[in-house]
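First up is the structure itself, then whatever we jot down about it.
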Amino acid sequence: MGYRVAIVGATGEVGRTFLKVLEERNFPVDELVLYASERSEGKVLTFKGKEYTVKALNKENSFKGIDIALFSAGGSTSKEWAPKFAKDGVVVIDNSSAWRMDPDVPLVVPEVNPEDVKDFKKKGIIANPNCSTIQMVVALKPIYDKAGIKRVVVSTYQAVSGAGAKAIEDLKNQTKAWCEGKEMPKAQKFPHQIAFNALPHIDVFFEDGYTKEENKMLYETRKIMHDENIKVSATCVRIPVFYGHSESISMETEKEISPEEAREVLKNAPGVIVIDNPQNNEYPMPIMAEGRDEVFVGRIRKDRVFEPGLSMWVVADNIRKGAATNAVQIAELLVKEGLI
């Protein structure tokens, strides 16, 4: 049995990756409908060798008959249009932050809390977590189940693709100018030069000094893990890498767990690849995660501050597992559980 699938934001980075991932994972698509903004109307995209013309969202659209809609068109579009799709009986899987903290909308990472997917029926919407949260909780969950986790301190090293097409252009243009000895072009996306630099600034700052991105990692983790007591302190940094977010994670556990035990539970965890042989220079890197759907974990060691505790290094492709792949996995889960 196949499904009628819509993609909203089809021409963007994540939207195009939805198409790739649906094809690679052989999701049973019977019909495909592509939506984007008016400026992208009429563009042609390819799926499984067939061309599809992009439509603009407008009030005349009827969404009846569509089974699943994958949204990645920004929060305002999701706020306006996701309920309209849901009203027509469509299950919406939304990649924006618009619905993540809504108590009636499940926030799902299939390797971590698949049981929550059934709760979509309240509003017809399932939220995809933030990219940096997804890879962190996939790596934390096996350790949480084995030893419990009280608190986490995480520093992220996030690729520019997480900030969109203009951010990618900034890094390309600035790097080219620097290499050619030319004047550095004005940044389109970032407040400062990103090439050969690091910006401890992702999303807006709040009065307490934390950013919105850093708060997402706290509140989304609590919701996904069903644990309001877990503490997360994050520092999120944008670095001059095109694809692949990296995270340095230290955690205090409830019970003692050795690095060897942690490696073992992580090796057996779904969606995780352990690469942890630093003596031979083997550890996760963004370049190795690019184009992959797994979360890579390495540098697993006893933490020197938290007792008991562990430290580790976690890397994933932010556009795939951090966005498109996770959404498609949610769709697969809906099919597997017979929920659509």
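Cβ from N, Cα, C; glycine included.
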Given Swiss-Prot lists Thr11, Gly12, Glu13, Val14, Arg39, Ser40, Ser161, Gly162 for NADP(+), the same-site residue among Asn281, Asn318: Asn318
Among Glu13, Arg39, Arg100, Lys216, Asn318, which are recorded as binding-site residues, the nearest neighbour of Arg238 (substrate binding site) by Cα: Asn318
Residues that sit under 8 angstroms from Gln158 (substrate binding site) by C-beta distance, when 6+ apart in the chain: Cys131, Ser132, Ile202, Cys236, Val237, Arg238, Ile239, His245, Ser246, Asn318
Rounded to the nearest Å - Cα separation of Glu13 (NADP(+) binding site) and Arg100 (phosphate binding site): 21
Cβ-Cβ neighbours of Arg39 (NADP(+) binding site) (radius 10 Å): 9
Where Arg39 (NADP(+) binding site) sits in the secondary structure, as DSSP reduces it to three classes: helix
